[in-house]
Amino acid sequence: MAQFEEVSQKSAIHPKPVGLVLQYGTAGFRTNSKQLDHVMFRMGLLATLRSKKTKATIGVMVTASHNPEEDNGVKLVDPMGEMVTPAWEVYATQLANAEQEELLTALKDVIEREAISMAQEASVFVGKDTRPSSDSLSQAVLDGVHALGGHSKDYGLVTTPQLHYMVCCQNTQGRYGEATVKGYYRKLSQAFIQLTKNVPNRTDDQKALLVDGANGIGALKVCEMETYLKNELQLSLFNDGSSGKLNHLCGADYVKVQQRAPKGVEMTAGERCCSYDGDADRIVYYYSGSAGRFHLLDGDKIATLISTYLKELLTQAGLDLQIAVVQTAYANGSSTQYLEDTMKVWTHTLLSLSNTHMRSVLTSPPSSQVIVRCTKTGVKHLHHAAQEFDIGVYFEANGHGTVLFSKAAEKKIQKLAQDSNTNAERRRAALLLQNTVNLINQTVGDAISDMLLIEAVLAIRGMTVQQWDAIYTDLPNRQLKVKVADRRVIDTTDAERRTVSPAGLQEAIDSLVKKYRQARSFVRPSGTEDVVRVYAEADTQESADALAHEVSLAVYRLAGGVGEESKSL
């Protein structure tokens, strides 16, 4: 076939280094950009096959998110804007690792297994972040698409969530929105303005927000969006990419791990600040206290704020919809306890603090508490679990997350919002819910969308960042990693909260945890490198540090540690 001849010719321009082996993980492929040219070409081929199989547009995003600037990577996006299905992750790994002379065989194997008609039209959307290597690597993707006769649309510089959004818009024939960057800005900004327009007496201080753009694509895109917000949000942008290096001493990952403000951000006591990561699919908030102490509001705090707000609106609207908050083992124990034990009490308390137009009298308590579900680490696991509920709120502690509404939930909200016979209070709550749905990018975690949602919720509830932070106090915690000869010796169960191998490790962790108050610890293998990640929390930072160190020594001794044993913190 002529198509396969073109694949052979083009693949010679994008040759694979002999013996190089890469794995498609939660974040797609990600490594030093110099090793990725052949991978990008082959992901263009695979995306074209996926499009033919699904008879829908597929997305390919060239990015390495929060990794250093010299790295790059690629993520495939399925028809509804979700991450590519696991079976095709296996095909991605097989294609990427096939030696040059085996590529056509590997390609034909996918076609045969999936019974793909090569006569079927194919459509692929491609986007890239701001890394110096992204231009040539996205071109390699396009070469792959064209080699198999696929049609492509090159969106150029976009955030990862924007590309997910475009794919969903395209495959819903515009029902989700307009498949353009301007369409994205219009949809989100209109929803934000509708949500905040009735908040009385918003001061300039309440509208002001400091944003760390991680010297990445998010900085460019939030600048473009500012005019659409019509001064309802006044952003001060730092690390905009004009001088600093991508993700270097800045960005959401740096702030979360280092527990400090990014380089170049000048904040005064009490000012609200947020940081995106390199491809703008994560966000964390923070502020400086009056004594100069750094306060972080991570994904757990974001999930709690949003789920409480949604629960209150559902109560006011009289809608019986089930909300679940999906967490991983990394969620701070205080957040889980708060959601399970305290949330109803706090919701009632906050109603009396809310702005007048949000206040309502509850004749009976909410029908149920918010459900808390724990799942394995990795966005695809959280997203999948969130889809099981009317409303699923998921945020990893690192700030990656969103809210999913079932089609049935959206219909109920829309019906009530349009019902002129219902009472004003219920209808107002339904209208707020409807605009909230429009403000959320349900395809994937989105720093810009999440930022606007958080700002709207704080405005509607009349809350300061300090009041938000005071919902609960995080237990002190510490994360460490231990280098091992082979990470596969670690096997876990119970959503990665307990180990089943190597023998004796879980018993060792259990006995160490008993030494400290309010303590918890777990270990899990990295998805990308031969290291074991250790998490520990306890009632004091000193105890959390000591527990993490002792557990890391147990891992080193029982799971084949390499190099030197870690020193105490």
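Cβ atoms here come from the backbone N, Cα and C positions, even for glycine.
Just so you know, TrEMBL annotations never went through curation; they're auto-generated.
Listed in TrEMBL for this protein:
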ACT_SITE  Ser65  active site, phosphoserine intermediate
BINDING   Ser65, Asp277, Asp279, Asp281  Mg(2+) binding site
BINDING   Glu396, Ala397, Asn398, Arg524, Pro525, Ser526, Gly527, Thr528, Arg533  substrate binding site
DOMAIN    52-89  domain 'Alpha-D-phosphohexomutase alpha/beta/alpha'
DOMAIN    106-167  domain 'Alpha-D-phosphohexomutase alpha/beta/alpha'
DOMAIN    179-284  domain 'Phosphoacetylglucosamine mutase AMG1'
DOMAIN    298-347  domain 'Phosphoacetylglucosamine mutase AMG1'
DOMAIN    369-461  domain 'Phosphoacetylglucosamine mutase AMG1'
DOMAIN    500-552  domain 'Alpha-D-phosphohexomutase C-terminal'
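In this chain, the domain 'Phosphoacetylglucosamine mutase AMG1' (298-347) lies close to the domain 'Alpha-D-phosphohexomutase C-terminal' (500-552): three or more C-beta pairs between them fall below 8 angstroms, excluding pairs fewer than 6 positions apart. Annotated Mg(2+) site Ser65, Asp277, Asp279, Asp281; additional same-chain residues within 8 Å of its Cβ mean position, judged by their own Cβ, are Thr63, His66, Asp129, Thr159, Thr160, Gly216, Gly218, Ala252, Tyr276, Gly278, Ala280, Arg282, His400, Ala447. The stretch from 106-167, 179-284, 369-461, 500-552 with the most CB pairs below 8 A to the domain 'Alpha-D-phosphohexomutase alpha/beta/alpha' (52-89) is 106-167. For Glu396 (substrate binding site) paired with Ser65 (active site, phosphoserine intermediate), the C-alpha to C-alpha distance reads 15 Å. For the domain 'Phosphoacetylglucosamine mutase AMG1' (179-284), the DSSP counts in helix, strand and coil order read 40 helix, 16 strand, 50 coil.
Long-range C-beta contacts of Arg533 (substrate binding site), restricted to its own chain and to partners at least six residues apart, with a cutoff below 8 Å, comprise Gln479, Leu480, Lys481, Val523, Arg524, Pro525, Ser526. Ranked by CA distance from Asp277 (Mg(2+) binding site), the recorded positions Ser65, Asn398, Gly527 have Ser65 at the top as the closest. Taking Ser65, Asn398, Gly527 as the recorded positions under consideration, the smallest Cα distance to Asp279 (Mg(2+) binding site) is found for Ser65. Sequence-distant contacts (6 or more apart, same chain, Cβ under 8 Å) of Asp281 (Mg(2+) binding site) comprise Ser65, Thr159, Thr160, Pro161, His400, Val444, Gly445, Asp446, Ala447.
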